[in-house]
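**Student:** Here it is, the structure, as structure tokens.
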Amino acid sequence: MDYFSMMVSLLLVAFHGAPETAASGTELSTGAENPGEKPPASAPWRPRRSKRCSCSSLMDKECVYFCHLDIIWVNTPGHIVPYGLGSPSRSKRSLKDLFPTRAAYHKNRCQCTSPHDKKCWNFCQAGTELRAQETMEKGRNNLKKGKDCSKLGKKCILQKLMQGRKIRRLEAISNSIKTSFHAAQLRAQLHREQKVTHNRTH
């Protein structure tokens, strides 16, 4: 009997001390009963953050600055922290289905939300070309800075030949990237034209 009276007194103190929680509990229960109701007008409406494109890596600061508009940037020691940078919206998942060639090509740096945004496509394409160009220039600089092989012998000459082959291979890769990008552009344009004519016929 002593245990029962102690429990009742604790419950009375708990409910008497927190009337706000009881009121909010009733509000929650009415909200659960009517899920179709809109929230009150006093609740602030948050607009959706606009993203021009979605970067594959947040470490690529140039891409993050370009793609994520309407973000407050705060400088911290070490790196820049973007506030309001969320996960990409679900609507972007269908981009691979709509434009398979461009999306497959641009997966290295970023993925544009709008297929008609030429600046975005050029930015993503220029990023891959610039990276290839940087690696080629780095290889050329290393080749120029190399040792004079006249006194060092066959091993040095072989190393220089291998570096020259690497540079030529990188140049061939960058040329193939450019040609594949132009081919992908033509395929995407053809796909869009076919889609438009298909929609007009039905």
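Using N, Cα and C of the backbone, Cβ positions are placed for all residues, glycine too.
Swiss-Prot lists these features:
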type     : residues : note
SIGNAL   : 1-23     : signal peptide
REGION   : 24-49    : region 'Disordered'
DISULFID : C53-C67  : disulfide bond
DISULFID : C55-C63  : disulfide bond
REGION   : 110-124  : region 'Endothelin-like'
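Set these features in their place in the structure for me.
**Tutor:** Secondary structure at C53 (disulfide bond), taken from DSSP and collapsed to helix, strand or coil, is strand. Every protein chain considered, the tally of other Cβ atoms within 10 Å of the Cβ of C53 (disulfide bond) stands at 26.
A helical conformation is recorded for C63 (disulfide bond) in the three-state DSSP classification.
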**Student:** Can you grab the distance from C63 (disulfide bond) over to C53 (disulfide bond)? Cα atoms, rounded to a whole Å.
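**Tutor:** About 9 Å separates the two Cα atoms.
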**Student:** Sort out the sequence-distant neighbours of C67 (disulfide bond) for me: same chain, 6+ apart, CB within less than 8 Å of its CB, listed by position.
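**Tutor:** Same-chain residues close to C67 (disulfide bond) (Cβ under 8 Å, separated by 6 or more) are K51, R52, C53, S54, C55, C110, C120.
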